[in-house]
Each structure stands twice: as structure tokens, then as C-alpha cells.
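Enquirer: First the structure, then my questions, so here it is.
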Amino acid sequence: MIFVQQFEEVRLILEKAKKITVLTGAGASTESGIPDFRSANGLYADANVEMYLSRGYYNRSPKEFWKHYKEIFQINTFHQYKPNRGHRFLAELEEQGKDITILTQNIDGLHQVGGSKHVIDLHGTLQTAHCPKCKTGYDLQYMIDHEVPRCQKCNFILNPDVVLYGDTLPQYQNAVKRLYETDVLIVMGTSLKVQPVASFPEIAKREVGATTVLVNEELTGQEYNFDYVFQNKIGEFVEGLSSRK
């Protein structure tokens, strides 16, 4: 009964909120079939992955970098992944006129494909790359079609738009600015282990005074920073909210 009441309370909070911010992690995409790269059996379990995905490796060996980049993220098959119920739910909130911004740690671009327009890609995106000289952008299909993608104008090897090891987070300040404006922070599908993003719930709860909601299958160790905790898959959480209408 308490569980049902929590769903109803969160539904009403979202209904009344002026500004909603959503932080998403791997759990938002695993329901689309995308592997959790940071899981025990994920791609990041390979000790060499951090080197292959580093800024230094790209600078030293850009051709080899692209070979490993494509293998690690399996970009040749990436078109098969589609937005799931969680992605659509967030897009629907926006369509209803809600001021909602998504801060995502995911690099798959599925929030945008699912219809969300206000997305801050904290770790960049697999969907695009750009020329390091003239800044011309190229899409995923171009990367798939070229073994080592080069700029058609400059012939420079493209720079991926994923944030690499050794890079700063270019969108970090924009994300924090949004946190300080928000009424509600929903954290979905992340273990909150990677800094500086792991500090976002504490900022929202302790400094901003926002209502905070956690949706994650596993406990994070940060439950004290949340007003509501749902130990569910995101699809289950969305279904629980929908059934309260």
C-alpha cells in the first residue's frame, strides 16, 4: 500500500512541477538491448579499453583509435537499437508542455531519437563526429561507411563526439546550472559511481532543496539523498506512474 502511495505522490509532484530535471544512466538504455558497458561483463571490463578510448591514444594513433572505437561500441550494428518506454515517457512529458531537461550519461542518442528535445549529453554522443580543423559534423552512417572516417573538405581524420578519457566534460557547467533551477530531480538507471555526476543528487537535495526521486534496480549507497526510492526497472516505474492516472 505504501508503494502504491509513493507512485501517486510522485505522479502528483510531476504534475505540479514547473521544472523537471532527469539524470539517466545505463539502465535507461539496457531496456533497449544496449549492453551496460560498465557492468562486470561489459566492455569496460577489458583493462585496455580506457587506453583505447583516451584522448592521448586518438592523438597518437588516430587510425588505430577508430578501429578500436568501432569495435568497442559496435557502431556498425547501432541502428538496431530503438527507444524504449522510458525514453518515450520522458518525451511525452515534454510534449505535454513540461519544462524538462535530460542530463544523460549515455552516449547512444536514444533520448533524442525518442523525441526529447532538451537533452544534455554529459559524455557526448556516438551519433556524430566532427572535423578537428573545420568543425564540419558527420553522422553515424558516415562513420559506418568509412573504415577511418575523414573530413571530405580537409581530409583530417574525424574526432568522435564522445567524451574520451582525458577530456573534460564540456557540458558540466550547463548541467549544474540546470540543477540549480530545478524543482524535481529524477535519477534513472544509474549506480551514481562516476564523478562528478555522482554529486548531482546531493546538489539538488541539499543545496537546491528540490524533490529527488531515484529509480534504479540496485541500491546506490546514496539513498539518503532521495525523497523517493524505487528499486525497479525504468519500464516498471513508468508503468506504475501510468496506472495511477
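Positions of Cβ are set from backbone N, Cα and C atoms, glycine also.
So Swiss-Prot says this about it:
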type	residues	note
DOMAIN	1-245	domain 'Deacetylase sirtuin-type'
BINDING	ALA26, THR30, PHE37, ARG38, GLN105, ILE107, ASP108, HIS123, THR190, SER191, ASN216, ILE234	NAD(+) binding site
BINDING	PHE37, ILE107, ASP108	nicotinamide binding site
ACT_SITE	HIS123	active site, proton acceptor
BINDING	CYS131, CYS134, CYS151, CYS154	Zn(2+) binding site
Enquirer: Compared by Cα position, which of the recorded positions ILE107, HIS123, CYS134, CYS151, CYS154 is the closest one to ALA26 (NAD(+) binding site)?
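Expert: Out of the listed candidates, the nearest Cα belongs to ILE107.
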Enquirer: Just the number: how many Å between the Cα atoms of the residue listed as 'active site, proton acceptor' and GLN105 (NAD(+) binding site)?
Expert: 6
Enquirer: Taking the mean position of the Cβ atoms of CYS131, CYS134, CYS151, CYS154 as the Zn(2+) site, which residues outside that list, in the same chain, have a Cβ no more than 8 Å away, listed in sequence order?
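Expert: Neighbours within 8 Å of the Cβ centroid, excluding CYS131, CYS134, CYS151, CYS154: HIS130, PRO132, LYS133, LYS135, THR136, GLN152, LYS153, ASN155, PHE156.
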Enquirer: If we check Cα distances from ILE107 (nicotinamide binding site), which of the binding-site residues CYS131, CYS134, CYS151, THR190 wins as closest?
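Expert: Going through CYS131, CYS134, CYS151, THR190 one by one, the closest to ILE107 (nicotinamide binding site) is THR190.
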Enquirer: Among the binding-site residues listed here, ALA26, CYS131, CYS151, CYS154, whose Cβ has the fewest other Cβ atoms inside 10 Å?
Expert: CYS154
Enquirer: Based on Cβ atoms within 10 Å, give me the single least packed residue among the binding-site residues ILE107, CYS134.
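Expert: Comparing Cβ neighbours within 10 Å for the binding-site residues ILE107, CYS134, CYS134 has the fewest.
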